[in-house]
Amino acid sequence: MEASSLVAERPTGGEQDPGHARCAFYLPRKRRSCGMAPKAGARFCAEHQPGDSGTAARVPCPLDPRHTVAKAQLRSHLARCNRTKQDQALRAEREHMPWYEAGVNSAARPAAAAADEATLQAAVMRAIPVLAQIAEAEFRAPLRVAVLSNAQVEHVRFPQLPSNRKHALQQSSLIQHLREAGLWVAPERPVAYVEFGCGRGELSRYINQAAVLEQLERGGPAAPPAFVLVDRACPRMKFDSKFAEDVAELHARFCPSVPPDERPAPAVTRKKIDIRDLRLAALLSPGLEHIAVSKHLCGVATDLTLRCLAAGPRASLCGALIAMCCRHACNPAEYANPAYVEALLARHAPDMSYDLFFLALMKMASWAVSGRRPGVPDTEVGGHFSGLAIAERERLGHLARRLVDEGRRQYFADLGYDAELLVYCERDTSREDIALLVRRPA
């Protein structure tokens, strides 16, 4: 959208200080004006200059379409674009990154052929009775519901959130599951938590808080765990620096007798890397046990993580706790356990292909989390291509999610681990309420 079409949305107000001029373009989403400086005599910066202003035409940058560049200067811009510099720096770093190997966690299976909407809908209609039959034969027992709460998270985190505690409730339950499953740090048992798809590192931060506070409540001093944070993005407002600050603050509040120079800070390592390319063994400290964690690891990223863990140093892998989400964003070719689905099809629908059935599962899985408008009854069909009422679509969506998740659970069970699917939070807290808990057998 051109700048001229949005200028009218800018709230009226006083004139800008000529000595501190800023671009007059108003950013509705950020509720403020653009912070860039325009050229002398201009109201807008180059990025937001209206297209009819007589200035040179601008086009999206091919490297990063979030910004534009004068068309006449495109060639020179590509050589100095920040994205080019970032890519060059990343390539240079990779030459000295033993934990990077392109595609090391990708599956060898060829990619599934793309299906148009008509083909996909036909596959869904064919898969519905197959899914119902599989569920009746294989998944009759419901998942264990274990909505837990961690006292340390409630003590530190909850007072900071007077209203919306949905994320904190999920973190509290996941952290308590780690504790009760024996996937917990202690002064005599140092561990490293590896958070996949970490984002800002929020889950790891509160694991750190809970572990340190628990040790201090027992008389301290605390021995915080180590953390390895993995994400392919580089989000703003990361929590990395907060880990040490939290340890210092908790010591000051609950164990002030420990001198500041004797308060150990956690080792926090962040790597910007796609899980697909991660060689985990090269990131871990020798002799240190590790535990994988993640909250709402999206779609195919869960399958890449499972293969990453299986290919890593299993002798030091104590276990994993992964809250999964977005089965509709999976990939038949990258799914961790296609043999599991193929075996089910061989028993219940030998004439249906794995690829089409999995694509149908992905489509149906979205029905469980799409939600309803207020007041929509269970019997509402709403012109849906399946002809099924919304309550039945939701039920089938949960069955599709269960099948995808059961294959992941079986993947680790086949490696000799104790693996369990469980409901870790209330549905009104999050519709993505299933976690995979993996433990090394005793």
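Backbone N, Cα and C atoms are what each Cβ position is placed from, and that goes for glycine too.
Cross-referencing 30-57, 58-85, 366-393 with Swiss-Prot places the feature zinc finger at 58-85. Annotated Zn(2+) site CYS61, HIS67, HIS77, CYS81; additional same-chain residues within 8 Å of its Cβ mean position, judged by their own Cβ, are PRO62, LEU63, ASP64, THR68, VAL69, LEU78, ASN82, ARG83. Look at the Cβ of each of the binding-site residues HIS67, HIS77 and count the other Cβ atoms within 10 Å; the largest number goes with HIS77.
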